[in-house]
Amino acid sequence: MAGVSLQCGDCGALLKSVEEAQEHAELTSHSNFSESTEPVLNLVCTTCSKPCRSKTESDLHTKRTGHTGFVDKTAEAAKPISLEVPKGGSESQEGGTSDQNEEMVVPEVDKTLLEELESMGFSTARATRALHFSGNASLEAAVTWIENHENTPDIDEMPLVSAVSKTKATKPSLTPEETNAILKELREKARKKKEEEEKRTEREREKERIRIGKELLEAKRIEEDNERKRLLALRKAEKEEERRAREKIRQKLEEDKAERRRKLGLPPEEPSTAKPSTVVEEKKSFLPIRPATKTEQMRECLRSLKQNHKDDDARVKRAFQTLLTYVGNVARNPDEEKFRKIRLSNAAFQERVGALKGGIEFLEICGFEKIDGGEVLFLPRDKVEIPVLNSAGSELDSAIKNPFFGVL
C-alpha cells in the first residue's frame, strides 16, 4: 500500500507532504523521516469549520470555544504522498557553495499573534522567535515555547532564515472567542503568579520582622541583666563599707572602756569575759565606678517623672506617649526643623509634658537645648544622634507597656 503521509522519526509527527516535512525539518532540525500508511487526522469543527490535525488540538478547541461537533474527514483528505523533491529544494542543493552568500531575512509570522504577544509584554524579537519555532501554531504554543526557552541566551535575538528557503507560515486564524479565552487564561495565570509572589514576599518580611524583634528583645534583656548585676555589685560594696565602719566604731568603744577602767583603778577585764575584737583590715574597693550612660539617665528621669505623679497614671502615660512622638518624629525626619523645634509656651505641650516635672529634662537628655531666652527647645541638626533617639524611644515604649515601671 502506498504511503499517505511522512512520519518524523524524532518526534513522531505525521506530515501530509514533502513540503511540510521540509518546513518541519527547518523549524525543528529533525531530519529522520519515513513513509507511513497512517493518514494525517483531519477533524473539522461543524460550527466554525476549523480543521484540527490531532485529538489534542480538537480537545483544546472545544475547551476554548465550547464547540463540540467535529466531522472526521481524514479519509477524504488522505492521498498517496509524492516523494518528489520540490525544484526549489534541488536547486538549492545544486547551488552548493552559493548558500553562504544567500540573503538572511526575518521569517514571516502571524501578525495577529505577534501583536497579541507584544501586548502581553514580550519583545518583538522574543515573540517572533517563539512564533517561528512553534510553527505559528497558536498563542498558547508560543507562550509555552517562551517558558521552556526562558534561559536560552539568544531568546531576545531576531531569528533569521534564508531568503531562498523562506516559507510563509500558514495557519488557521484564531476566532475572537479563542483569542479571548487564551488571553483570559494567561491573565489568570499571571494574576495567580503575582499573588503567590506577593504572599511569599510578605512571609519573608514577616519572618524578618520577627527575627529583628527577637534580637531587640534579647539585646534589651542582656542590657537589663547587666544593669541588675552592676547595681547588686554596688549595693554589696556599700554594705561592706558599712560593716567596716561599724567594726571601727566598736573597737573605738572597747578602747574607751578600757581607758576608763584604767583611770578608775579597776583591773582590766578578763580575756574570757571580754568580747573578742576582730581587727578588720581596710580593703580598697576596686569596683570601677563609671558615669551613668544617657540610657540610664533617661530611664532614671522617666522613673522620677512616674514617682512625682504616681497618683495620675493616665497623665503620666499620655506624657510618655507625647515624648515618644517627639523623639520618633526627629529620628524619622532628622532634616525637618519643625520636628526639632518645640515652643515651651504651647498650651498642648505644657498640658501634656511641660507641666510634669521631668518632662523637659528628658528632652534635654535627648539633645534638645533651650534657646530664645528659654522660650524654645531646639535640637541642632549636627547634634542629632539617631542611636540616642532610638534608645529614648525604646525606653519610652517599655515605660508605656510596663504597668510596674517606676513602682519598684
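Using N, Cα and C of the backbone, Cβ positions are placed for all residues, glycine too.
Please treat TrEMBL annotations as automatic predictions, because they have not gone through curation.
Per TrEMBL, the features are as follows:
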type: COMPBIAS; residues: 90-99; note: compositional bias 'Polar residues'
type: DOMAIN; residues: 108-149; note: domain 'UBA'
type: REGION; residues: 77-102; note: region 'Disordered'
type: REGION; residues: 188-207; note: region 'Disordered'
type: REGION; residues: 252-282; note: region 'Disordered'
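The average pLDDT computed over the domain 'UBA' (108-149) stands at 86. Helix, strand and coil residue tallies for the domain 'UBA' (108-149), in that order: 29 helix, 0 strand, 13 coil [DSSP]. With DSSP states grouped into helix (H, G, I), strand (E, B) and coil, the region 'Disordered' (188-207) comes out at 20 helix, 0 strand, 0 coil.
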